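Novice: Okay, handing you the structure first.
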């Protein structure tokens, strides 16, 4: 612990490291964590702000810093720490450390020449080691039934041996039958205890009748399973022509269980769908744009520009339109792959559309590429400045002040940026259920209608909003964020409270729609599973309308399918329901007493 480690491209991290610096100028690196969580996409990690400029061993060796962090725990996506960097003899600079700064053992460095990190968890304290689980042995239905039969046979064997022992002594109880002429006992045998002799005879009968338990049955069944696994491997109908590979049998213990499956649980994104996102359209204040030209019914994806499918927004909407495009160019965690050449062409020979974007979220890549076809191109993040190329081919620079990262509870992310003119903007994008309640201005009804329509068509939707911050508002927000980030206890809770204070009173800009096509033959596969009597469950975090549309497309739902919606009530709805219920009981009680008084009078 505390050693400085250098890792080169395509090497695996030997322990859990705090990311200090990398060969990339922006202090980032790309990592794949397939061996940890199964995700093959590239994830972006960020170096400590005060050390990302150290690019050689001498500078790293001169670093004087201390690290405070939590005790080792197995959660791969959670880490809380703090680094104090000492500059000369001045007071140390404290920087927060989170999961975005922690490079995990077992992960692989990609698209980055080298990185420097400091070891904080090693050996069995690494998150990879803490997630080790003893392999649980699974037993098939056949094996379970064999064990039951084995117990039955064992009971039969014991019963038979016991009965024969009793019958032997009953038969020998008569005179002259205890010692026949062919089986005379020795003197020690005659003096042996009766119970000991009976127990010895019982064991002898157990040995005589042990053939009742078929010992070879287990060997035969194991051999059958082993050979059966090869029949699965040789099955030509399960051969994938795209990859050129057949099925791989990892274990032969459960071969026969394949025919006994009753339930199949499947994810939607990447399983039923291709996880290959494509930007379809955007809606800005009720006006719809598509990032391509339609000619004679054909979609020309190679064309650049905007195809308006309704009236122009006019001069007043032009500012909101530009803000919407800038928001999508700035509100993300996408990185630009900085290769010297792409397919043999130098960068300066490439058009604006040749940028290669990398992100752990394919949705963000699809949005940035879609906006690129609409005339706004995200170029890079350099020295904490985000550069975009607008329609007039002018480069705009925005200083990245803060990133309010996405999480599954908030279902949104935000960035705070400062333009070259000095204006401070907070751009936010997220699910409609997360954005609409925080909007105070904008054409909410028009955008909501378009979002619901796109969701019914099976498209993935996001809403975009913004607000302008004064210098005082940003200063207060920065202090709140810094205090929450430096907290070692309840950091997530404190950050959530700060995010809630900052992300409010938005102006709605519009919404986006991204298409994720179904996998080839996904519908046929679902239909075949249902015909086999297997019940298929789809688990997803998307909007209910989007999930339902996907289920219809893959034939999980039919037009005559009765759909029951089991949803949780909001606190306000539940409170209103309780109040109305109590009120109704009170009214009924009073009406009943009035009726009794009337009759009694």
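Each residue's number is its place along the chain shown, starting with 1.
Placement of Cβ uses the backbone N, Cα and C atoms for every residue, glycine included.
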Novice: Please state which member of 337, 429, 485 TrEMBL lists alongside 267, 268, 269, 364, 406, 460, 540, 541, 542 for binding ATP.
Specialist: 429
Novice: Please identify the range among 474-501, 502-529, 558-585 that TrEMBL labels coiled coil.
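Specialist: In TrEMBL, residues 474-501 carry the label coiled coil.
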Novice: According to TrEMBL, which stretch among 100-123, 124-147, 148-171, 172-195 corresponds to the feature transmembrane segment?
Specialist: 148-171
Novice: In TrEMBL, one of 62-81, 202-221, 222-241 is tagged transmembrane segment. Which stretch would that be?
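Specialist: Going through 62-81, 202-221, 222-241 one by one, TrEMBL flags 202-221 as transmembrane segment.
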Novice: Taking the Cβ of residue 267 (active site, 4-aspartylphosphate intermediate) as the centre, count every other Cβ atom within 10 Å, in any protein chain shown.
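Specialist: So the number of other Cβ atoms within 10 Å of residue 267 (active site, 4-aspartylphosphate intermediate) is 13.
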Novice: Which of 269, 541 (the binding-site residues) has the most other Cβ atoms within 10 Å?
Specialist: 269
Novice: Determine, from DSSP, whether residue 460 (ATP binding site) sits in helix, strand or coil.
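Specialist: Where residue 460 (ATP binding site) sits, the three-state DSSP reduction gives strand.
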Novice: According to DSSP, folded down to helix, strand and coil, what is residue 541 (ATP binding site)?
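Specialist: Residue 541 (ATP binding site) sits in coil per DSSP, no helix or strand.
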Novice: Whole-number Å only: compute the distance from the Cα of residue 269 (Mg(2+) binding site) to the Cα of residue 541 (ATP binding site).
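Specialist: About 9 Å separate the Cα atoms of these two residues.
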Novice: In Å, rounded, how far does the Cα of residue 541 (ATP binding site) sit from the Cα of residue 267 (active site, 4-aspartylphosphate intermediate)?
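Specialist: That comes out at 9 Å between the alpha carbons.
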Novice: Which residues of the same chain, at least 6 positions away in sequence, have a Cβ lying under 8 Å from the Cβ of residue 460 (ATP binding site)?
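Specialist: Residues satisfying the criterion: 277, 363, 513, 514, 515, 516, 542, 546.
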Novice: Give me the Cα-Cα distance between residue 267 (active site, 4-aspartylphosphate intermediate) and residue 406 (ATP binding site), rounded to a whole Å.
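Specialist: That comes out at 21 Å between the alpha carbons.
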